[in-house]
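Undergrad: Below is one structure. I have some questions about it.
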Amino acid sequence: MVKQTIQIFARVKPTVRKQQQGIYSIDEDEKLTPNLEIILPRDLADGFVNNKRESYKFKFQKIFDQGASQETIFENIAKPVAESVLAGYNGTIFAYGQTGSGKTFTITGGAERYSDRGIIPRTLSYIFEQLQKDSSTIHTTHISYLEIYNECGYDLLDPRHEASSLEDLPKVTILEDPDQNIHLKNLSLHQAATEEEALNLLFLGDTNRMIAETPMNQASTRSHCIFTIHLSSKEPGSATVRHAKLHLVDLAGSERVAKTGVGGQLLTEAKYINLSLHYLEQVIIALSEKHRAHIPYRNSMMTSVLRDSLGGNCMTTMIATLSLEKRNIDESISTCRFAQRVALIKNEAVLNEEIDPRLMIIRLQKEIQELKDELAIFTGEQRTEALTDAELLQLEKLITSFLDDQDPESRLEVGTDMRKIHHCFHHLKKLLNDKKIHGKSTVSCEIKDQDCQEPLKEEEYKKLRDILQQRDNEINILVNMLKKEKKKAQDALHLSSMDRSECRHSQSLPFPPGNPEGLRMLPSSAPKQIQDVSTFGYRSSLLHRKTGMREEMSLGRQEAFEIFKRDHADSITIEDNKQILKQRFSEAKALGESINETRSKIGRLKEEITQRHMQQVALGISENIAMPSMPDLLEEKLRSQLEEEKRRYKTMFTHLKALKVEIEHLQLLMDKAKVKLQKEFEAWWTEEATSLQVNSPAVNSLSHVKPFPQTPEFQQETSQPLFNKSNVNGRKILPSSSPIPHSQEHNITSTSLESSVPERPASSVPLTGDSQTDSDILAFIKARQSILQKKCFQ
Ligand code: ADP
Ligand code: MG
């Protein structure tokens, strides 16, 4: 990177007439920076306070006086820039000054003499000369020539220029890429292989410029021309390309609009004729000030195009062209002032190098080819893109033998040829995938085979079918038992005990009686299930009855019933039967467990016998002797044990069956006794209620609906039969004359007597009022008194 400020040079145009002395002086001390002093002529300084001659001093890199030749200008100003461009840096030389100050003469040159050639042709000549000298580098040169007039860009090298006026040509527009690089659309780039070609392009552009210019439109004074030399260079074989641009800029005349000429307003209020120069000055001012964040490049096309030249990646040089005649003093001073500002701008020029992908591909392709050639020398065979058929066949043979080789350390040797290695991998992958697919189909074949082998598994299938049948039987038994229990509860009063006994007998025989083979087929849980189901049926029956009791009896009536039951003669019998039933249940349970044990024992013995038998056979085969004719004592012992267990099993099973019959019979007896007790209670209760109704007055406000007088406290109980459903559903006992429905009577009679202490859930005691509760209690007390009286009479 090269950091440097914009170089400023001054060039004074020769005057035609003999110039008055004392307008300017150049102080050129070799050790110091040259100074240009512009002395305001006395007549122009009129009006100043002290009438003193005023002078302005400006520093320049170098000041070229009137006699400076084009050659000198080139050598001092353009040549260093051209050299940096050849080295790969961007460069810009622009001429700034009022119209007629020699900008075009300096940049392009005079048209009359060869020696008047300006910077452009000399630079072109120099560059091509240098390029020719440097044979180690490949160079490409392109030329573009842009004119900016009235903020519009025109391509001076457009071939249509001859046939069209400037305005009809496509405008050159600015495009900016994401990296903020400027690209000019519609600006043609013309390759120039030689100095001559490049010069022809320059002349073409200048000619086009002149054609476009008319006497009415002095475009040259108001337009900017940017002649650009694009240089690309690279070392042979290198993919790194250097790009450099050299802008040679002939700006529009910098003269101002307001040219007061004299007095205090001199050089203060004047404005540029050309707007883009105004913007150029804005950019220059912005760049020359420190810490300015925004540089207004975009304000004009010219500043956009020269963006890199001003405060960017460029080595820039300015030539201030001065026409130091008396009438141009103000403009000259303006030009110098402008140059002073420009001199403050610091640029950072970097080498524009980039990797050319096209060149990179070419280089890599070349490298590949070289390596291939090198390899061919080693292997002795020229490699082609694809493997030959013979090579492929050979590889597949190698893979097959590798896969078949059982040695875990075997290797697949195919050499270092990557094509062969890759082919091996592909082939193995293919084999693996094929095997996967084949594997799947093999599995399905195996399944089919299994299906085909069904006859072989017939035995197992039969076994499963038998188990299934057993399970079905068990389920049927359980369902029947449940039905039986339900029916028993429902038909307790209506079915004859004989009928039920028969029914139960037929349903409660789940196993074929006394068949040892049949016993062997029993599922392991069968005896337990018998017991459990019986218990369940019994309990569910109790539950049902208890529920029925809760539903059907009021609390007071329950109390009365409990007392009635306790004092009843049959209650002893019921209690006895209950105890016997409990005993039988526990017996049945113990018996069921013993049966289970015996059954397991039978199974174990059978297993032992089978094993023993197999051992004997195996022994006979191993010792190559015939089966012993003598019977095996151990086996016989096991067999006798087995028979003993079977007998036990049979006995116990018979006993269990008998127990079951007894249990069911006892349950039946209890049911009958309970029904009898219930009936007697109901009869007594009715009787008691009737007597209360007759003897006691009504107790509550409902008495007015009844035809007979009642005391308020006994109204409810004494006015109606107390077993009416609407009355007994809770503690509230309401009078009703309706007869007892048949089904309702059944519900009542099936009420269980198992609970010695009746439960009194709050939910079943709907309280409608304190008076009703009281009357309920009174009814109970009355009933109790009546029972006591009855007992006394007995
Ligand atoms: P500008 O482009 O700044 O308007 P030109 O370069 O056209 O000015 O110059 C105006 C005239 O002055 C031209 O005829 C040109 O030949 C002449 N001229 C300018 N500078 C010099 C110079 N250094 N030596 C000889 N003639 C010059
Ligand atoms: Mg000009």
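Residue numbering: from 1, along the chain as shown.
Placement of Cβ uses the backbone N, Cα and C atoms for every residue, glycine included.
In case it's useful when we look at the structure, here is the feature table from TrEMBL:
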type     : residues                                    : note
BINDING  : G97, Q98, T99, G100, S101, G102, K103, T104 : ATP binding site
COMPBIAS : 725-755                                     : compositional bias 'Polar residues'
DOMAIN   : 5-345                                       : domain 'Kinesin motor'
REGION   : 499-519                                     : region 'Disordered'
REGION   : 725-770                                     : region 'Disordered'
Undergrad: Around the ATP site (G97, Q98, T99, G100, S101, G102, K103, T104), what further same-chain residues have their C-beta within 8 angstroms of the site's C-beta centre?
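TA: What remains near the Cβ centre is K13, A95, F105, G253, T321, S323.
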Undergrad: Who sits close to G102 (ATP binding site): which same-chain residues at least 6 apart have their Cβ under 8 Å from its Cβ?
TA: R11, K13, A95, T321, S323
Undergrad: Quick check on the binding-site residues: of G97, G100, whose CB has the lowest count of neighbouring CB atoms inside 10 Å?
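TA: Ranked by other Cβ atoms within 10 Å, the binding-site residues G97, G100 bottom out at G100.
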Undergrad: For the domain 'Kinesin motor' (5-345), what's the mean pLDDT in this predicted model?
TA: 85
Undergrad: Which binding-site residues of G97, Q98, T99, G100, S101, G102 contact ligand 2 in the sense of C-beta under 6 Å?
TA: none
Undergrad: So among the binding-site residues Q98, T99, S101, T104, who's got the most Cβ atoms within 10 Å?
TA: S101
Undergrad: When a 10 Å sphere is centred on the Cβ of K103 (ATP binding site), how many other Cβ atoms does it contain?
TA: 29
Undergrad: Should we count any of the binding-site residues Q98, G100, T104 as near ligand 1, judged by a CB under 6 A from one of its atoms, and which?
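TA: The ones that qualify, in sequence order, are G100, T104.
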Undergrad: Helix, strand or coil: which one is K103 (ATP binding site) in, per DSSP?
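TA: DSSP call for K103 (ATP binding site): helix.
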